[in-house]
Amino acid sequence: MAYDVIVVGSGPGGYVAAIRASQLGLKTAIIEKESLGGICLNWGCIPTKALLKSAQVFNDIQHAQEYGIEASGTPNFEAIVKRSRGVADKMSKGVQFLMKKNKIDVIMGFGTLKAKGQVEVKGADGKTTLVEGKYIILATGGRSRELPALKQDGKKIIGYREAMVLPQQPKSIIVVGSGAIGVEFGYFYNSLGTKVTIVEFLPRIVPVEDEDISKELEKNLKKQGITVMTSAEVTSVDTSGNGVKAKVKTATGEAILEADVLLSAVGVAANIEGIGLETLGVKTDKGKIVVDKYYKTNVEGVYAIGDCVPGQALAHVASKEGIICVENIAFGEKKYNHQPEALDYGNVPGCTYCYPEVASVGFTEKQAKDAGYEVKVGKFPLSASGKASAAGHTEGFVKVIFDAKYGEWLGTHMIGYNVTEIIVETVVGRKLETTYHEVLNSIHPHPTISESVKDAIEVAYGEAIHL
């Protein structure tokens with residue numbers, strides 16, 4: 001059977017692209033080698049949030065007396081992992097339902113480009129099927145990136161996937177890398193009583209964030225009992241004993257760290273090997289598939305989205321790329337009435353779900369100044385927030401950055417209680433080219449964490465009420 005669109009990979013980029021294609025009247029098939037939903041639903045975003053929720057509940061129990069409640073509890077690591085897997089399985093079945101609802105053919109197996117408009121699918125039984133379609137969208141995702149000194153064996157040197165399903169809770173763990181994956185797992189294991197050491201090569205943790213966020217998060221992680229080493233590099237790991245011995249090069253010399261396991265959390269590598277790129281001559285650069293603003297490769301009819309193309313390796317980015325890609329295809333097929341707007345990668349929110357949470361979008365203060373803006377900066381501490389005080393979570397702040405000349409909203413950077421739920425105000429505001437004046441003239445509900453955005457803007461413009 002010939003399709004209009006064949007999507008290879010069913011993660012948040014692939015399955016969303018498939019659904020949108022079907023909605024627009026394009027006959028669609030999706031190819032998946034493992035479980036519908038890809039890494040995000042099965043081994044990433046969703047199951048990690050389930051693990052983190054268990055850690056948060058345990059933390060709440062430990063601090064119950066502060067809220068006038070007598071309670072105690074002990075974490076059951078096996079049950080925590082089991083719950084996480086159950087949540088992931090439920091979400092994967094949800095994608096299966098969506099495929100059926102949208103009349104998308106699901107083909108299980110490993111997809112490889114064979115010729116123009118052809119994908120060969122090898123099933124688990126070794127049998128192959130040739131699937132034909134006018135447009136092929138590669139949404140093959142990514143995997144845990146490996147460093148030469150950190151070859152993963154899945155037991156003592158592990159990636160994020162193994163970290164989610166360890167057979168027993170380690171007494172100690174070394175986490176190499178302090179991006180979202182590193183600090184989330186560091187927080188999770190530390191909350192349950194594991195001794196955690198985070199090793200970061202760069203001078204500060206969560207290095208893509210605003211410097212003030214990095215400092216505040218490091219302070220809070222250390223307060224929780226996590227050891228944080230920055231400007232440090234793991235040069236070798238000895239796994240010959242019961243655990244691991246990591247040799248770490250620091251600014252002041254060399255240190256030896258010992259732990260039960262080592263988690264390598266140094267980023268994501270694209271899954272582009274063995275999918276037939278060379279057969280069709282699809283261009284790649286630095287391990288990623290080269291695409292234009294509508295995710296078209298150099299080969300007619302072949303597109304790519306998500307972690308396998310340059311840009312932020314984020315689920316919500318992949319989903320939006322999938323929609324833009326498909327709408328552009330449908331526009332060319334006269335099934336959609338306008339060409340979609342290209343994605344603005346400067347207005348993509350990033351969220352980290354440790355405690356305190358981190359959320360940001362737009363320019364950091366340094367980036368804004370380096371870009372030549374004269375800036376107005378406002379910072380509002382959550383210790384002054386009524387909602388944060390009532391919740392007993394006063395760590396952190398909201399920081400906003402505006403262009404002094406025109407009042408343009410350049411960026412927002414938050415750290416604290418539930419801040420991942422309120423970053424979208426800035427995303428929409430920046431999209432609509434909202435100025436500080438319009439935000440201040442919009443009523444924010446009280447008491448909420450969200451009103452701290454308004455409070456921070458008031459600080460920036462010398463109109464602070466609550467400071």
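Every residue gets a Cβ built from N, Cα and C, even glycine.
TrEMBL entries are annotated by machine, without manual review.
Quantities reported herein were computed from a predicted structural model and do not represent experimental measurements.
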- Name the residue, out of Glu162, Glu200, Glu254, that TrEMBL lists for the same NAD(+) site as Gly177, Ser178, Gly179, Ala180, Ile181, Gly182, Val183, Glu184, Gly267, please. Glu200
- TrEMBL annotation, disulfide partner of Cys45 among Cys40, Cys308: Cys40
- Item | Residues that sit under 8 angstroms from Val183 (NAD(+) binding site) by C-beta distance, when 6+ apart in the chain | Val175, Ile198, Ile205, Val206, Leu217, Leu221, Thr352, Cys354
- Message: Please list, in sequence order, the residues in the chain of Gly177 (NAD(+) binding site) that are at least six apart in sequence and whose C-beta is under 8 Å away from its C-beta.
- Response: Val199, Glu200, Phe201, Ser264, Ala265, Val266, Gly267
- Under 8 Å by Cβ from Gly179 (NAD(+) binding site), counting only residues of that chain that are 6 or more apart: Val206, Pro207, Val208, Ala265, Gly267, Thr352
- Query: Which chain-mates of Ile181 (NAD(+) binding site) that are at least 6 residues away have a CB under 8 A from its CB, listed by sequence?
  - Reply: Tyr160, Ala265
- Task: Please work out the helix, strand and coil residue numbers for the domain 'Pyridine nucleotide-disulphide oxidoreductase dimerisation' (348-456) from the DSSP assignment.
- Result: 37 helix, 33 strand, 39 coil
- Message: To the nearest Å, how far is the Cα of Gly111 (FAD binding site) from the Cα of Cys40 (disulfide bond)?
- Response: 19
- Within 8 Å of the Cβ centroid of the NAD(+) site residues Gly177, Ser178, Gly179, Ala180, Ile181, Gly182, Val183, Glu184, Glu200, Gly267, which other residues of the same chain have their Cβ? Val175, Phe185, Gly186, Ile198, Ile205, Val206, Ala265, Val266
- Query: Given the binding-site residues Glu200, Asp307, which one's Cβ is surrounded by the fewest other Cβ atoms within 10 Å?
  - Reply: Glu200
